[in-house]
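Student: Structure in structure tokens, see below.
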Amino acid sequence: MRHAHTVEQVRAAEAELMARLPEGTLMQRAAAGLAATCARLLPRVYGSRVVVLAGSGDNGGDALYAGARLARRGAAVSALLLAPERVHTGGLAALRAAGGRVTTDQGEFSRADLVLDGIVGIGGRGGLRPEAQPYAAAERRGVVVAVDVPSGVDPDSGAVPGAALRADVTVCFGTYKPGLLVDPGASYAGIVQLVDIGLALPGAGVTALQHDDLAGMLPVPTVESDKYRRGVVGVAAGSARYPGAALLAVAGALRGGAGAVRYVGTAAEEVVRRFPEVLVTEGGPAGAGRVQAWVVGPGGGDGAARALEEALASPVPVLVDADGLTELARLGPAALAGRTAPTLLTPHTGEAARLLAGATAQAPPAADELAAARLASARRLAAEYRATVLLKGSTTVVAEPTGEVRVNPTGTSWLATAGSGDVLAGLAGSLLAAGLGTLDAASAAAYLHGLGGREAAAGGGPVTALDVAARLGSAWRVVRG
Ligand SMILES: NC(=O)C1=CN([C@@H]2O[C@H](COP(=O)(O)OP(=O)(O)OC[C@H]3O[C@@H](n4cnc5c(N)ncnc54)[C@H](O)[C@@H]3O)[C@@H](O)[C@H]2O)[C@@H](O)CC1
Ligand SMILES: [K+]
């Protein structure tokens, strides 16, 4: 599991540790880790051209001390100072003492083998200032290593309010920052490496799963398992207008670990023709047999309102997607107030905007505003509806009403394809039926779905939702090692 902490949490932990250590110790730890990574990235340090972009704070100090370490190993290191009168004096003195120099030739940035972005770190706010902006657009031939955070990315939210420096590698100190894991910030960070500087941190509000976490989380049948013990997932999806959504949701549900899939709705005939192993019932959830979790809404059309009402009245976990969400936005959070089992909502940004409007009786926020503030939007929705919220997008995030968030590290932009959300809904519902809690089911589903999407798009090509569903089995095998 990757753990991310806010700037406020990092500052508190740093203050506590700095009070016990000789001055400068933390910065030396940071600079040593940073220089070691840079040395690994260069074919050879001796003779390499390294440029340090140094801003006015400690982030610039880290970069200058790391530059000094590389200079001592024979690199030709020059520093471009963004605010010469406020540069970190100790860092600059160390660089000079090691044979580094200051330059004002911005062309050195483009010619360098490696650039250290120490313009601004966790103290940065409001995007890059004018003097730094040319570097975001400038040509570069070398590797760009961001110090702690790519400059221009908001460390807490991942928002990129203007220009930002795109890094190949980000070396962060003490902990991940949420903005390194959530788009658009994540897309500027490249490969993120963590350097331990000894901070004692509180529980993380934002986490990201890794393969090992999935391996420990996914349900595995035992010798005593039968299909009912493994869980039956009910899928209420599809309509005369959108029969395909039923097939896609079922295709996802069949690969989520539940022992059986029960389909209710108007596409029963098509579903059985394609998936003979599915139990089908005409009508709605209320009249169906036993299920351990419901998926309601994909392609539900006019039938979504009834299906939603009946599923929400059941005592089992319910995942609400697509047309079910449109109906829920109309009803508002009160529709979930009487529930005894957890509810999982899986909106894309447009649906999230409608849900928020339904909760607050205000005009819906613009979808691009929601996309730029993914963490805050998902948290707010989860709090308003007292439900777990999986907000789909370039980084899918899952938020609990408590504010706890998991961000999904897998995925590909090729997943933005029709029907891919139906597969995800079926998959997550199946994991719920198999007994996972909403946070785990949602985040594990997003992870597997992202891996399936990547595999389907291998080499970079369009994928269909059924391609993704077909790769979910292999995604399970990958994470289970
Ligand atoms: N505090 C500590 O104990 C440690 C801090 N470390 C480093 O220190 C960084 C934080 O240092 P600071 O608190 O000095 O803050 P930063 O160096 O991140 O930035 C603050 C400085 O940048 C200016 N600034 C703010 N927004 C800007 C923008 N948008 N464009 C350009 N300049 C801007 C401010 O005027 C201020 O001078 C961390 O990210 C990390 O790199 C590490 O050395 C580890 C230890
Ligand atoms: K930086």
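Cβ coordinates come from backbone N, Cα and C, glycine included.
The (6S)-NADPHX binding site annotation in TrEMBL covers Asp58, Asn59, Gly60, Gly61, Asp62, Asp148, Ala245, Gly299, His348, Asp422. The annotation K(+) binding site is assigned in TrEMBL to Asn59, Asp117, Ser151. What TrEMBL records for Lys392, Gly393, Ser394, Thr395, Thr396, Gly421 is AMP binding site. According to TrEMBL, the feature domain 'YjeF N-terminal' maps to 10-205. Residues annotated as domain 'YjeF C-terminal' in TrEMBL: 210-479.
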Student: Could you give the Cα-Cα distance between Thr396 (AMP binding site) and His348 ((6S)-NADPHX binding site), in whole Å?
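Tutor: Cα-Cα, rounded: 9 Å.
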Student: Please report the DSSP secondary structure of Asp117 (K(+) binding site), reduced to three states.
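Tutor: Where Asp117 (K(+) binding site) sits, the three-state DSSP reduction gives strand.
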Student: Can you go through the binding-site residues Asp58, Gly60, Asp62, Ala245, His348, Lys392 and pick out those with a C-beta less than 6 angstroms from ligand 2?
Tutor: none
Student: When DSSP is mapped onto helix/strand/coil, what comes out for Thr395 (AMP binding site)?
Tutor: coil
Student: Which binding-site residues from the set Asp58, Asp117, Ala245, His348, Thr396, Gly421 come near ligand 1, judged by a Cβ under 6 Å from any of its atoms?
Tutor: Asp58
Student: Please work out which residue of His348, Lys392 has the most C-beta neighbours within 10 angstroms of its C-beta, and give that one of the binding-site residues.
Tutor: Lys392
Student: Quick one: what's DSSP say for Ser151 (K(+) binding site), helix, strand or coil?
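Tutor: Its secondary structure by DSSP: coil.
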Student: If you average per-residue pLDDT over the domain 'YjeF N-terminal' (10-205), what number do you get?
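Tutor: Residues in the domain 'YjeF N-terminal' (10-205) carry a mean pLDDT of 97 in this prediction.
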Student: Sorry to bug you, but what's the C-alpha spacing from His348 ((6S)-NADPHX binding site) to Gly421 (AMP binding site), rounded to the closest Å?
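Tutor: Their Cα atoms are separated by 9 Å.
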